[in-house]
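Structure first, commentary second.
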Amino acid sequence: MIAIIDYGAGNIKSLQFALDKLNKHSIVTTEAAEIKQADSIILPGVGAFKDAMEAIRQLQLDSVIQEEAQKGKPILGICLGMQLFYEQSLENGDWEGLGLLKGSIKRISGEVKVPHMGWNTLDIQQASPLFDSKLENPYVYFVHSYAVSSFEENTLLASSQYGQLIPAIVQKGNITGMQFHPEKSGEFGIELLKRYEEMIR
C-alpha cells in the first residue's frame with residue numbers, strides 16, 4: 001500500500017489516477033498510523049514551501065516522515081514535495097525543510113520566464129533502475145518557480161535546463177525526488193512511476 005500524504009497542496013487526484021492505472025493500491029491520508037503501516041510514502045504538492053511546511057507541522061507529520069525515512073521506508077517527493085526534503089528554502093524568507101537531503105531551494109534565474117511551466121527535456125546524469133540505459137532526453141512536465149540550487153552531486157540522477165541547471169530527479173538511499181510531475185508526463189511519466197514501484201519492492 002502507498003500512502004499519499006494530503007496536507008492540502010494539490011495534484012493528488014491525477015497522481016492517484018496514475019497509480020490506479022498501474023494497479024497500485026494507494027490511500028490519501030493525514031493519519032500517522034496509516035502512513036506508518038504503508039509500504040511506501042508519496043509526498044506530493046504545489047504551492048509555497050512555507051505554507052506546506054506549516055501544514056505538515058500542524059498535522060504533526062514532519063516527525064512521522066522523518067522517522068519513516070530513518071527506518072528506510074521508500075519516500076517519493078513530487079514537485080514541491082521534493083523541495084520539502086531539503087534543509088532550507090529561500091522562498092520569500094528563510095524556511096527550514098524536512099532535512100532528509102542536504103541542500104537548499106532558491107528562485108529560478110530571473111533571465112527566464114518564471115514559473116517554469118510546460119514540457120522540457122531530461123538530461124540523464126547517472127544510471128538508475130528508473131531509466132532504460134539507452135534513454136534519450138525524454139520530455140517531462142514542469143510547473144515551478146523555485147528549484148534546488150545546492151545539493152550533493154552524487155544524488156543527481158537527471159537534470160533539465162531552464163536558465164540554469166534544474167535538478168529534476170534526485171535520489172539518496174530510500175529518498176527519491178522528482179521536480180516535474182510524472183503523473184502529467186505522458187507515457188514516460190507513467191513508466192517512471194511503474195519502475196519506481198518495482199525498484200522499491
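Each residue, glycine too, has its Cβ placed from N, Cα and C.
According to Swiss-Prot, the feature active site, nucleophile maps to Cys79, an assignment based on sequence analysis. Mapped onto three states, the DSSP output places Cys79 (active site, nucleophile) in coil. Residue environment of Cys79 (active site, nucleophile) contains 26 other Cβ atoms, counted within 10 Å of its Cβ in all protein chains.
According to Swiss-Prot, the active site annotation covers His181 (among others). The DSSP secondary structure for His181 (active site) is coil.
What Swiss-Prot lists as active site is Glu183 (among others). Packing around Glu183 (active site) is summarised by its Cβ count: 25 other Cβ atoms lie within 10 angstroms of its Cβ, all protein chains included.
According to Swiss-Prot, the domain 'Glutamine amidotransferase type-1' annotation covers 1-201, on the basis of sequence analysis. Looking only at the domain 'Glutamine amidotransferase type-1' (1-201), the predicted model's pLDDT averages out at 96.
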Between Cys79 (active site, nucleophile) and His181 (active site), find the distance joining the two CA atoms and give it rounded to the nearest Å. 6
